[in-house]
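The structure appears right after this line, and notes come after that.
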Amino acid sequence: MASILLSLNTQTVLPLHTKTRTTKTTLKVLRFSHKLPSSSPFYCNHDTRLHLRCQTTTGTPSTADFAVAAGQDRLRKVPIKNIRNFCIIAHIDHGKSTLADKLLQMTGTVQKREMKEQFLDNMDLERERGITIKLQAARMRSVYENEGYCLNLIDTPGHVDFSYEVSRSLAACEGALLVVDASQGVEAQTLANVYLALENNLEIIPVLNKIDLPGAEPDRVCKEIEEVIGLDCSNAIHCSAKEGIGITEILNAIVERVPPPRDTAAMPLRALIFDSYYDPYRGVIVYFRVIDGNIKKGDRIYFMASEKDYYADEIGVLSPNQMQVEELYAGEVGYLSASIRSVADARVGDTVTHYSRKAEQSLPGYEEATPMVFCGLFPVDADQFSELRDALEKLQLNDAALKFEPETSNAMGFGFRCGFLGLLHMEIVQERLEREYNLSLITTAPSVVYRVTCVDDDIVECSNPSLLPEPGKRRSIEEPFVKIEMLTPKDYIGALMELAQERRGEFKEMKYITENRASITYELPLAEMVGDFFDQLKSRSKGYASMEYTFVGYKESDLIRLDIQINGDPVEPLATIVHKDKAYSVGRALTQKLKELIPRQMFKVPIQISTACFMASI
């Protein structure tokens, strides 16, 4: 057994064996009598000093102490067979961020004094709303059967609007923890994320969280997962991330059940960019997963999509803060800084390879995100137009689902027409622009893209009502439809079916998942869902229902343009495209609201709604 000579502040000299604990004090190394084995929890690759925190009892170190001590040396290389890349997928508010926090703490990646709730959620918006918006990566070190393992966690959001972020995380992993609330059971986004993981051939480990709650029913939820998703839950892990129950079992399951990356270190370099952001001092910082080959500091690298080359000034790992290393090889996850000044040169989904030894084929990357909701963003101060353009470009760098193009309005001047994946996505982007880039913005009402077939057989895509061709020039208008799946307790089935019917929904099917929970599927126009559909769904089900939607295509509808005229002049930004049957009710609601908002004058100011069919005024 190895022995170390140590000294107390009182200059008392005593021997200390690696498996013996003494009084609770900080000890200073004077001399090593024998080199410690690398598997020891007190091993350190610095040969000058070693500080140990010892307890007052005697015996062997606990598993938690062992893990924390091992976690300090996260930069040590391990064989490729000992690397595990995994993510956590869950419905919103099922405890995903809390579980990630506990994994970081249990592996010693984050010290207890530095720990805070939602550690990986580093944006103020994420903390205020209690949701994850951006994916984050963290490298952890764990010891299993006296062997060191490198665990790369890529955290994912849970809301339906950020499913694109989830797809990027899944492409960089071999396994996933499926976290399900033991009191709530399977929700809509749980299903959607599982299907994404299965498409990527990931090993899925079911985890039942919040088993410490009085209303937890782990056996019922296990049965629900097996019936609804088809996953075997005989070895599902029961845990409570808040109380720290079952965390060790999760770490062991990751090592045992998640397959290691393929050993392709000898092949030409191919690294997949899954995220990036703009640093004002270092330029574009790229987060990537090395699929084949290896990359060293100082290498000349080549971006295959943008066809640009740079020198890798700095490479490192995220643990969770950036830590520099000299080399990364196949299977590892890290970051890259190469003084990239143009945000267009390093796009998410691009493949990084060596300039001198290029890979023959780039990696598949990601499917192009299709914006579902559009709105206009205009600066309050016209002088901020160029700042808004730069801010959108930088934001688009780590949010590839954001699309924008210039737009001019007679009322609001120069701005941008922006496309988003959903209403929450739109709200988050607006708040980030205002907070992070110090902009004051005006946002127009959200709308969707319509497809117009003209009489000369030309097809025009129209995201702005003011661009809609005149009635005499168009043959038909098609609008986007989505398939929406609502999961609800059986008591609220009638209320939710009524809501879908009011929004021009077409009933598809209803099935009982369990005795008390049902799944209702409708197809309805996206324009009807863009408004307050989600709020109404939560209100009518008292918060118990959840929803997931997917785009299914375009269908022809009887649509007209609704114009607003104030004092005889048309106001184009207020124009909307509505269904013919709802034109009068929507127009009347708009004019009533404008009557309240427009200040009183000494003369009459007529507010009118008009379409090709009728005109009404107030």
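Placement of Cβ uses the backbone N, Cα and C atoms for every residue, glycine included.
TrEMBL: automatically predicted annotations, no manual curation.
If you look up TrEMBL, you'll see 81-262 marked as domain 'Tr-type G'.
Residues annotated as GTP binding site in TrEMBL: 90-97, 155-159, 209-212. All protein chains shown were included, and the count of other CB atoms within 10 Å of the CB of ASP93 (GTP binding site) stands at 14.
Summarised as a single figure, the pLDDT of the domain 'Tr-type G' (81-262) averages 79. Here the binding-site residues are ALA90, ILE211, and the one with the most other Cβ atoms within 10 Å of its Cβ is ALA90. Neighbours of LYS96 (GTP binding site), defined as other CB atoms within 10 A of its CB across all chains, total 26.
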